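Colleague: Just dropping this structure here.
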Amino acid sequence: MTAWRRPVLVRGPLGVVTAIELAFFLMFLALLVWFYSAFINLDLSKIHVKPGEKMWQAKLDRAALRLGHVGTLCCAFLFFPVARGSSLLQLIGLTSEASIKYHVWLGNLAMLFFAAHGLCYITVKWARTKVANVPGELALLSGLVMWVTALPRVRCQMFELFFYAHHLYAVFLMFFALHVGVAFFCSVLPGVFLFMVDRYLRFLQSRARVRLISARLLACDAVELNFCKSPCLTHSPMSTLFINVPCVSRLQWHPFTVTSSSSLEPDRLSVVVKRAGSWTEKLYETISSLPPSQPGHLDVSVEGPYSQTTPASFLQYDSLVMISGGGGITPFISVIRLLIHRSGTAAEAVTPSLLLIAVFKTSADLAMLDLIVPASGGFSDVSRLELRIEAFVTRESAPSAGDVAVAHKVPAEEVLFKPSPSHAPITPLLGHNGWLWLAAVISSSFFIFLLLVGTVQRLYIYPVDGNSNRVYPWAARTLLNLLFLCIGIAVAASAAVLWNKRGSAEEAKQVENVVTPASSPATWLDKPRGGNAEVESSPLHYLEQATTVHFGRRPDLRGMLLEIGGTNVSVMASGPPGLLEDVATICSSHSARNLHFASISFSW
């Protein structure tokens with residue numbers, strides 16, 4: 001599988017694509033081609049020309065119909081990758097972040113076929129048929145709006161437009177169901193149903209306010225938010241947490257990588273927010289304006305965390321190479337904390353050697369390395385971990401004094417928050433056995449849906465329609481089915497959440513006395529050199545000795561990667577697309593194949 005996991009396409013419209021992803025993509029394209037050709041050949045062999053209709057119009061009508069069917073086939077898989085909390089992705093080894101690009105591929109294919117479907121029917125005479133044309137046009141229009149606003153250039157420059165326009169998926173699904181009818185809508189129902197369950201559960205979680213313990217302001221215009229969490233909530237390294245701060249914006253939700261480790265900090269969860277936009281700038285100013293000596297108050301809601309990997313995926317390698325650009329270092333903080341904790345607590349634990357290549361623009365950004373040491377402390381002996389950090393400052397020359405501390409004089413500032421009775425620790429939404437409760441929610445909600453459909457069909461629709469499918473309106477029947485689907489999901493999911501909320505309330509009482517740090521740990525870049533045995537044996541001193549800072553140049557990634565020995569090496573990259581493409585190009589080159597890179601992950 002090592003060769004299959006190597007990137008084969010790097011600088012293309014599909015992004016960074018591994019060999020196994022390309023193979024599945026080509027097989028799916030072959031499925032679409034076979035699906036279309038099989039139906040169109042059957043239709044053309046038995047084509048019937050209606051009175052007043054020309055042959056080319058009849059052929060175009062059948063071709064357009066089958067284009068819509070191919071688009072529906074793409075739509076049947078469209079919603080599976082965006083069900084963040086679904087256990088289905090974990091069963092097949094996918095993560096919610098990595099599977100987003102599959103959603104993008106399927107969305108582009110679906111809208112391509114749907115647009116061709118609608119374009120073909122523009123040239124065909126508009127006739128009164130069994131298919132509702134107006135809902136089809138409205139579904140296509142809403143889909144085109146989502147498609148255009150999701151283009152990479154529009155999404156990067158106007159992300160809020162893309163985000164809010166993508167909520168038109170509800171309009172698209174409703175009019176799509178009215179256009180094709182209930183029976184044909186069942187072809188896309190599995191993916192839509194799982195997505196709706198996941199979306200409603202995320203909605204319920206986002207209504208609660210969570211307890212924010214403290215915030216650590218770094219000199220690089222970044223802030224680390226430390227939340228209180230239940231010890232039963234475990235998350236994997238590189239997990240993602242969505243955050244909403246009502247005083248900044250009631251509607252905006254932003255994803256951030258979790259930097260804490262469940263094993264090292266069982267009662268805390270931390271994320272880092274870099275000051276890089278209007279929302280992050282307002283949040284940074286709001287927190288920095290609070291007096292450090294007096295605890296402040298801040299309402300925060302969260303969704304997640306959503307795990308991106310498992311700890312075992314890091315422990316199976318002999319060496320880990322992590323390459324980051326700017327704020328891209330945050331996904332690797334949790335990995336380093338996990339391995340440092342493992343090496344310091346398990347006497348016989350075997351941990352891989354670590355090489356962190358961090359690229360920063362200015363020396364102030366070196367403060368991001370302070371995040372390796374959590375605000376709550378907790379590190380013991382880290383000397384058994386083989387860690388090497390190569391930091392590169394690209395826009396500044398080396399300080400004249402030759403000391404790294406010159407580039408980092410501003411210590412981190414700790415801001416404390418007072419707890420509120422309405423704030424609760426972050427807990428698992430569905431309790432300890434979340435996957436079991438999720439299965440119960442899915443099965444029970446679908447049972448409620450079938451029960452409501454059968455009851456209304458037997459007691460209300462059948463007496464009117466007489467099973468003729470001609471009297472009772474199809475539009476009303478479709479809307480009733482969609483309504484019953486929503487009711488079933490709402491009843492089952494709400495009941496499961498309320499049942500688990502009682503147990504979460506008891507656990508919240510046990511962790512409400514979490515010790516809040518009086519001050520942040522000293523930054524290792526400010527530590528004096530030598531002369532103090534306690535300092536020399538501290539984790540801060542060890543991290544200082546393991547770090548080499550290079551000024552005024554960029555790293556030679558090809559040379560550094562090819563120098564790494566061993567046959568079981570994992571390379572991970574996080575940062576701007578240009579950096580990711582460079583790393584992928586090196587890993588896919590012929591000279592790098594002898595290194596047997598076992599895993600390559602990319603965070604966009």
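Note that Cβ sites are derived from N, Cα and C of the backbone, with glycine treated the same way.
From a predicted model like this one, the values you see are computed outputs, not experimental measurements.
According to TrEMBL, the transmembrane segment annotation covers 20-42, 63-82, 102-124, 131-150, 170-197, 435-454, 474-499. Here TrEMBL flags 205-312 as domain 'FAD-binding FR-type'.
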Colleague: How about long-range neighbours of the transmembrane segment (474-499): same chain, 6 or more residues beyond its ends, C-beta under 8 Å?
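Modeller: Counting only partners 6 or more residues beyond its ends, the transmembrane segment (474-499) has Cβ contacts under 8 Å with 132, 135, 174, 177-178, 181-182, 185, 193, 196-197, 200-201, 204, 429-430, 437, 440-441, 444-449, 452-453, 456, 461.
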Colleague: Under a Cβ pair cut-off of under 8 Å, which of the recorded stretches 20-42, 131-150, 170-197, 435-454 contacts the transmembrane segment (102-124) most often?
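Modeller: Answer is 131-150, with the largest number of Cβ pairs below 8 Å.
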Colleague: Tell me, what is the mean pLDDT of the domain 'FAD-binding FR-type' (205-312)?
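Modeller: Overall, the domain 'FAD-binding FR-type' (205-312) comes to a mean pLDDT of 85.
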Colleague: So if I exclude everything within five residues of the ends of the transmembrane segment (63-82), which remaining residues of that chain have a CB under 8 angstroms from its CBs? That is, six or more out.
Modeller: 31-32, 35-36, 39-40, 43, 88-89, 94, 96, 99-100, 102-103, 106-107, 109-114, 116-117, 120-121, 124, 176, 180, 184, 187-188, 190-192, 194-195
Colleague: In the same chain, which residue numbers or ranges, 6 or more beyond the ends of the transmembrane segment (131-150), come under 8 angstroms Cβ to Cβ?
Modeller: 104, 107-108, 110-111, 114-115, 117-118, 158, 161-162, 165-166, 168-169, 171-172, 175-176, 178-181, 474-475
Colleague: What else in the chain is close to the transmembrane segment (20-42), if you only count residues 6 or more beyond its ends and a Cβ gap under 8 Å?
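Modeller: Distant Cβ neighbours of the transmembrane segment (20-42) are 1, 4-5, 8-9, 14, 62-63, 66-67, 69-70, 73-74, 105, 109.
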